[in-house]
Every structure is written in C-alpha cells, then in structure tokens.
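Under the heading transmembrane segment, TrEMBL lists 15-35. Residues annotated as domain 'LysM' in TrEMBL: 64-111, 134-181.
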Amino acid sequence: MLDKIKKQLKGPDSYISVALGLAVVLIIGVAFYNYTAQSRQSSQTPQDETAALNDQGLPVALPATHSVKAGDTLWSISELFYKSGYNWVDIAKTNSIVNPDDIKVNQKLNIPNVKPIIPAGQVSSTSTQRPKTESYTVKAGDNLWKIAVDQYNNGYRWSDIARANNLSNPNLIHAGNVLKLP
C-alpha cells in the first residue's frame, strides 16, 4: 500500500493538486486576515458622537457650522445637533441643498437654530384607560372583543382580559361567567 501511495505522489498531477490546494488555503487565509483586521480597526475607531460638543466638551450653541465627515448624512447630522433626525430638512433648506444625498466630505454646513422636531408618540395596542367596572358578567352573545370595546373603548384590550382571567380558549366564554377586568 505504501508503494502505491509513493507511485501516485511521483506523478505531475499530484504536484499540481498540492500547489492548487496551497494556493486556495493561502487565499482564504489572506481574506480571513483582512476581514478580521478590518473589523478590529472599525471597533477601535470611536463611534459617532452622541452630541455636538465644542472644544471644552460643552454642547454647541446654535446656529453653528459643521464639517461633513465620511459617512455623514443629513439625518445623522440632524440627530447630532437636535437629537432628532427629522430636522434634516431644515439643514438642507438653510444650505440650499437640492439633493440631500449629495453632500461631500469636508463640506461646511450651516446648522440653523430651529426647534427640534419630535415625532408624535407611538401607537400602542394596549391602552392605559381603566375599565368602567372591576369585573364584568358575561351576557349571551358577548365575546371578549365586545367586552373590551364596552369597557375600554378599545377592542384590542381583549387579550388583556383573556390574560387576566387565565382563559385557555379566549373564544369560549359563557353567559354568567364573571371576568376580572385589568
């Protein structure tokens, strides 16, 4: 068997296979090294600033100017100065920017002194409204949706009622059942 292996290794095909195998391993190794070096470098660079600060570390007073850095967008600059990306429109208008995607590195932008735009509150499926009563006696034809609408003015609270009463099947309630209302 050893002689058979020696004969196979003496042919030119074996040298080509070994060379190709080494080349593949070398290419994969270099690619892996570059990937890990790049991720290490990006993890060592400081992340985006959380607020626009002057040389003394104090918040910048508006109006101000900002020099665009690589990776900056009007949205991120707006978040930096206003804590809200929605003011990017004000920055674009002040600087007569027609295409908001067309800002250049080292471009100087004037940051206007405007009120930050804060989006309206989130819509939630659960309401903080209290029920009309502490408990509810089920009537014929009732379902949890109808009870939730009647008690909370919000049908989506049916799941809260089911959870509070440990109902394994919320579709199965009977007339006369007394339900706790959370």
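A Cβ is built for glycine as well, from the same backbone N, Cα and C atoms used for every other residue.
Bear in mind that the values here come from a model prediction, so they are computed numbers and not experimental data.
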**OP:** Could you give me the DSSP helix, strand and coil counts for the domain 'LysM' (64-111)?
**Re:** 19 helix, 8 strand, 21 coil
Subject >> Residues of the domain 'LysM' (134-181) by DSSP state, where helix covers H, G and I >> reply: 19 helix, 6 strand, 23 coil
**OP:** Give, as a single whole number between 0 and 100, the mean pLDDT over the domain 'LysM' (134-181).
**Re:** 92
